[in-house]
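According to TrEMBL:
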- 25-48: transmembrane segment (TRANSMEM)
- 41-290: domain 'G-protein coupled receptors family 1 profile' (DOMAIN)
- 90-110: transmembrane segment (TRANSMEM)
- 144-163: transmembrane segment (TRANSMEM)
- 207-229: transmembrane segment (TRANSMEM)
- 241-261: transmembrane segment (TRANSMEM)
- 273-292: transmembrane segment (TRANSMEM)
Amino acid sequence: MPVRNLTMITEIHLLGFGNLHHLNLLVFVVLLLVYCIAIFGNLMIMLLVSRSRSLHSPMYFFLSQLSLSDSLMATSITPNTLRVVMDDDATVTFIGCLTQFYFFSASLALESILLTGMSYDRYLAICNPLRYSNIMDYVFCRRFIIFSWVLSFSVILNHILAICNLEFCGPNVIDHYFCDLSPLLELSCSDTFIVQVEVTLLVIPMALFQFILVIVSYSYIIFTILGIPSVTGRQKAFSTCSSHLTVVSMYYGTLLCTYLVPTRGQSLTVSKVLSLLYTVLIPCVNPIIYSLRNKDIKEAFNRWILIG
């Protein structure tokens, strides 16, 4: 049998924002500022939830986990992106590329599950308040969080193992600022059909199911709020879920624009900018939304400042 002369790639070149090289310094400063805000904001929320008794409730417990997921996502993407922006010949090892894809994808899946759980929490609180404390107890919340982490990281680990069974013999250039699934598969000289089918069968149904649960939950929430006779009661009920609804809309909106909008005729720059929305911007904006639009968090922050 003929022996194939294959040279397995050991490092990958990331082109980043090559057509914006004249703005490298500006892009670097903006990304660094956004990353610092994201880390500080999410760490602040986790600290407030852990130390403030007024925030020891299922909603804020889920929020602290969402902040942890956002921090993980931002850290898996932004530091290496900063290096890519300033280095025209930036490279990452193949193992490093897989590691980045693993933690980015797992944190993205985790965020989706947590947002679904938070939607169910708001549904029970507004539509079925009498059973809320019996269902959303400490045991349920702890089990749900463990389930979310295990499911997210195990599903993505399955993708990583499938990718590791492929042969990567070149080229070794990705025209992006991070290692996503499609650019990685394009580097393979093996048949990637099985991997793509596995991803479709595992991720698409899970994401679609979660999206439907969010839509159904908020449909019941809206009808319940509209049925409240007093204007004050409607405003109070809506205020308890407005922050989460904003975050959910941004999260699914950016993902739909990035992965479902046809890429034909779409420049690579537009695709990269859309990717920046959910990889870099959302982890920064989420804590700001919850801080500015949540009375309990603002009060806990003010008390913490006074005590400090």
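Cβ coordinates come from backbone N, Cα and C, glycine included.
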Near the transmembrane segment (273-292), which residues from the same chain, at least 6 beyond its ends, have a CB less than 8 A from one of its CBs?
31, 34-35, 37-38, 41-42, 44-45, 63, 66-67, 70-71, 73-74, 77-78, 81, 104, 108, 176-178, 180, 243, 246-247, 250-251, 254-255, 257-258, 298, 301
Could you pull out which residues elsewhere in the chain have a CB under 8 Å from any CB of the transmembrane segment (241-261), counting only those six or more residues past its ends?
111-112, 115, 118-119, 122, 126, 211, 214, 218, 221, 271, 274-275, 277-278, 282, 285-286, 289-290, 293-294
By a Cβ-Cβ criterion of under 8 Å, what residues six or more beyond either terminus of the transmembrane segment (144-163) are in contact with it?
61-62, 65, 98, 101-102, 105-107, 109-110, 113-114, 117, 181, 184-185, 188, 194-195, 198-199, 202-203, 206
Can you give me the average pLDDT across the domain 'G-protein coupled receptors family 1 profile' (41-290), rounded to a whole number?
88
